[in-house]
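Q: Got a structure for you, questions after.
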Amino acid sequence: MPVIQWSEALHLGDAATDANHAAFCTLLNAVADASEADFVSALDAFIAHTEVHFAEENAWMEAADFPPLHCHRNEHDNVLALCREVRRRAADGDMALGRRLVTELPEWFAQHVDVMDRMMTTWLAQRGPDAREEAAA
């Protein structure tokens, strides 16, 4: 059963960001659906995607001189640190904590997309395509 649905509410109209967000939803749902035996490996795949996703956003924000970069990056860092700690504890047998993370992340993600990422994509659109090209270079 999905814990989060990719929907218009999460759609920002920015192709790269929307693709990352759709993958985030798909992978988080895979963690939610994973058996206990497969939970940690599904969480590993989710964390690996999220590391790349957040690093990409961080690079875009830095290249575009996004004013609240540090606040946005700190939120990314905190969520990744939490996911890594929960992964460690789930690998040690604390599946209840792992399952709790999966049920609580969707609310955080929806708020993050609506506030933080919406501001970021608006800023990037105003700065033009060069901001992302600089980040990719």
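Glycine too: its Cβ is placed from the backbone N, Cα and C atoms.
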Q: Pick from GLU57, GLU62, GLU85, GLU104: which one does Swiss-Prot list with HIS72, HIS76, HIS112, ASP117 for the same Fe cation 2 site?
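A: My reading of Swiss-Prot gives GLU57 as the candidate in that site.
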Q: With HIS53, GLU57, ASP117 listed by Swiss-Prot as Fe cation 1-binding, which of these, HIS21, HIS70, is given for the same site?
A: HIS21
Q: Give the sequence-ordered set of same-chain residues, not counting HIS21, HIS53, GLU57, ASP117, with Cβ within 8 Å of the centre of the Cβ atoms defining the Fe cation 1 site.
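A: Along the chain, the qualifying residues are THR17, ASN20, PHE24, PHE54, GLU56, VAL113, MET120.
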Q: Could you list the residues of the same chain, at least six apart in sequence, whose Cβ is under 8 A from the Cβ of HIS72 (Fe cation 2 binding site)?
A: GLU57, ASN58, MET61, PHE66, MET116, MET120
Q: Measuring Cα to Cα, how far is ASP117 (Fe cation 1 binding site) from HIS76 (Fe cation 2 binding site) in Å?
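A: Per the Cα atoms, ASP117 (Fe cation 1 binding site) and HIS76 (Fe cation 2 binding site) stand 11 Å apart.
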Q: Would you identify the secondary structure of HIS53 (Fe cation 1 binding site) according to DSSP, in three states?
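A: Looking at the DSSP assignment, HIS53 (Fe cation 1 binding site) belongs to a helix.
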Q: Round to a whole number and give the Cα-to-Cα distance in Å for the pair HIS112 (Fe cation 2 binding site) and HIS21 (Fe cation 1 binding site).
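A: About 11 Å separates the two Cα atoms.
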